[in-house]
Amino acid sequence: MSLTWARNPERVRIEGATLVDPASGQQTDRSVLIDRGRVAALGAPADESPVDRVVSGHGCLLTPGLTDLYASLREPGDGQKGSMASEARAAARGGFTTVCTAPDSSPVNDSGAITSLIRDLAARHSPIQVLPLGAATRELAGERLSDMVGLTGSGCVALSNGGEPLANARVLRRCMAYARTFGITLMLQPENATLAAGGFAHDGRITARLGLVGVPEVAETAAVAEMVLLAEETGVRLHLSQLSTARGVAMLREARDRGLAVTGDVAIHHLCFTEEALGGFDSRFHLRPPLRSERDRQALLAGVNDGTLSAIVSQHQPHDDAAKRAPLAETAPGLSTIESVLSLGLERVAAGELEQSALIRALTVGPAAVLDLPEPALVEGAHADLCLFDPAAEWHPSADTLMSTGKNAPVMDRSLPGVVHQTWCGGHPVHSTGDNAGNGSGLT
Amino acid sequence: MSVVEDPARSIQLTDDGDLRHFLTLDGLDRTMLTRILDTADSFIEVGARRIKNVPLLRGSTVVNLFFESSTRTRSTFELAAKRLSADVLNLDIGTSATAKGESLSDTLLNLEAMASDMFVVRHSRSGAAHFIASQVTPGVAIINAGDGRHSHPTQAMLDMLTIRQHKGGFEGLKVAIVGDILHSRVARAQIRALNTLGVEEVRVIAPDTLLPTDVESLGCRVDDSMQSGLADVDVIIMLRLQRERMEGALLPSEREFYRVYGLSNEKLAWAHPEAIVMHPGPINRGVEIESAVADGPQSVILDQVTNGIAIRMAVMSMAMGGQRATAWNRTGEGSS
């Protein structure tokens, strides 16, 4: 297998693209020179330099490569659902250059040895940067603390309990206190285990009609309240993952207004779909947390627009066909989203619900700040992690066109706006549609 | 903003708007429900004859596929299929196949190899009948005999037939449904049927622990008390209360439930004097209903059982007709 990203970084000029500053959303039309893995020059100096290849960016936006705080890349684990190679390539196709891989691998990433294995797999098979998230508790069982120092020492950028709730408040409190001691960030999905028990859909109109076991709003808000209070007491750096309710966002806003170091994110599908998506028992939309009401969706969009929610995540969960082919309650939760995040977001922009600058911020500087990574920016000397996309062009997700092993994508029956033409990671071209490759050759 | 068309409609109706599966009452209009009731009426006449069989399903194989045990529903489906002259195979799968690790899709593949024409399905999971309908080969009809908490459409339709027999129609009727709405596939289907057929009002009477969130969105009014809820109603439907509800902290005790919600002659007096009393069975005497009421002059519970056969004959023959018409069109197109 020839690895395109293993070649020497090329010297490339991107011409005609509109550059978007991810922090401010400001747009400028300038050429960009990529050399030796960095953004070597902008504007006139870039235009004058000799290059190996010129990429046409006409009609396209150029942003820093996107960052995803939460995706299940399925390796080590279930090869039927995906592999480091397939899912990282899919991520590059989606414009991502940095992806945090969830601890829900098999075995669970709850020890430094597993973290090292993941990093090794990523080094060998991933064209982009993969940052492991360690498990906050052993086996994600919510009972015993994981070797937190060992995990972060081996390269975990934060700890998460995957989609599993920390049911025991005493364990949660000790988990936070221990993490605080070592300056470790906890990324936790707020769900009260007993209130959510057995449920797999938003407790509301659809569960009333279809007779499904519901997860009430308070399953999230009770957990947010508990986590925020415990974070305040312990002083831990807390990030609330995948909020799904209007009240949850309001509580996060209030906590931030009080000056607490709490951040939060939302999964892309919660900005795009509601409980109605389950109306025909469509098992693709069996999600955890569940898709909620239109009111919740609007509040989540507002939360991204005003910056209360720092990041939009993919919550990418590729599945094999069998995992979704059963009566709804027996199917596995999750969507295969990583190739569609930007497109689904751009569709909300086109609908006038999401500001384009907020979308780009929540996929770049927002998540980077949560992880204390250097702020992504299109400036001279920056790492050439770049995403060149045409917001108006369309593509049609289908089982044949998706690179992810998981064909459980939310949109499969129509086209989506936003085609990522090129993704560079450290100056290496890690994805290209070929359309704008100019005089380049050999790209796959 | 996500799903546009009614998915229930597209899966269970043919292009001409005829039944090909019978999964839920969602997406079926008043004309269709009335057609089912009228067809059932015609089968009631058949039931009164000495030779009760009609040849509508002769040569067809109907498989009663019960993943959840049931004596009465299965028996009436079996009787209905036999009166339509079908060959009937009863399969009580229980949870054994799944316990052996076989997935529902695999179980189906094996059963389809038996070349059956119709599956009557009961399953403990909401949406199981939809799922099976989405998996079977075209031409095989699926009849939902109860899926989880979602729907029990033949039960609801036999109840509608019983109401029509006793009340002459649906307009202007006030109907109260009492008891465990939350876990009841029967109540969900009844509320839908009553609204589609145009009753004046559906009331549900239960403690909040036994009501789904947003129950009003189904098309009903919530009453906390029996006295206000039963006031002037024409039809009272009592639901069966499962014993395990006490364990989930949904109810304190059967005794307390009976005290507040159990239908006694005293409470029945709050309703319209000609109100009828219904129950999908099996009855828990002294839990949701007093014996004197269950066996009393206003009870139509035994009529419901009789009507069950006619309704099941109606939907089975209609669904098979829809499947045959579709197959006819397919071969017609294929040969032209």
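Note that Cβ sites are derived from N, Cα and C of the backbone, with glycine treated the same way.
Per TrEMBL, carbamoyl phosphate is bound by B:R72, B:T73, B:H152, B:Q155, B:G281, B:P282; the candidate from B:R122, B:R125, B:R255 named for the same site is B:R122. Proximity to chain A (Cβ-Cβ distance under 8 Å) holds for the following binding-site residues out of B:R72, B:R122, B:H152, B:Q155, B:R185, B:R240: B:R185.
Under the DSSP three-state reduction, B:P282 (carbamoyl phosphate binding site) is assigned to coil, being neither helix nor strand.
Using the Cβ center of B:R72, B:T73, B:R122, B:H152, B:Q155, B:G281, B:P282 for carbamoyl phosphate, the list of other same-chain residues with Cβ within 8 Å runs, in sequence order, B:S70, B:A145, B:G146, B:V186, B:P280. Across the structure, B:P282 (carbamoyl phosphate binding site) and B:R240 (L-aspartate binding site) place their CA atoms 7 angstrom apart. Listed binding-site residues: B:R72, B:R240; maximum Cβ neighbour count within 10 Å falls on B:R240. In terms of DSSP secondary structure, the domain 'Aspartate/ornithine carbamoyltransferase carbamoyl-P binding' (B:20-165) contains 65 helix, 27 strand, 54 coil. The CA atom of B:Q155 (carbamoyl phosphate binding site) is located 9 Å away from the CA atom of B:R185 (L-aspartate binding site). If you take every residue in the domain 'Aspartate/ornithine carbamoyltransferase carbamoyl-P binding' (B:20-165) and average the pLDDT, you get 90.
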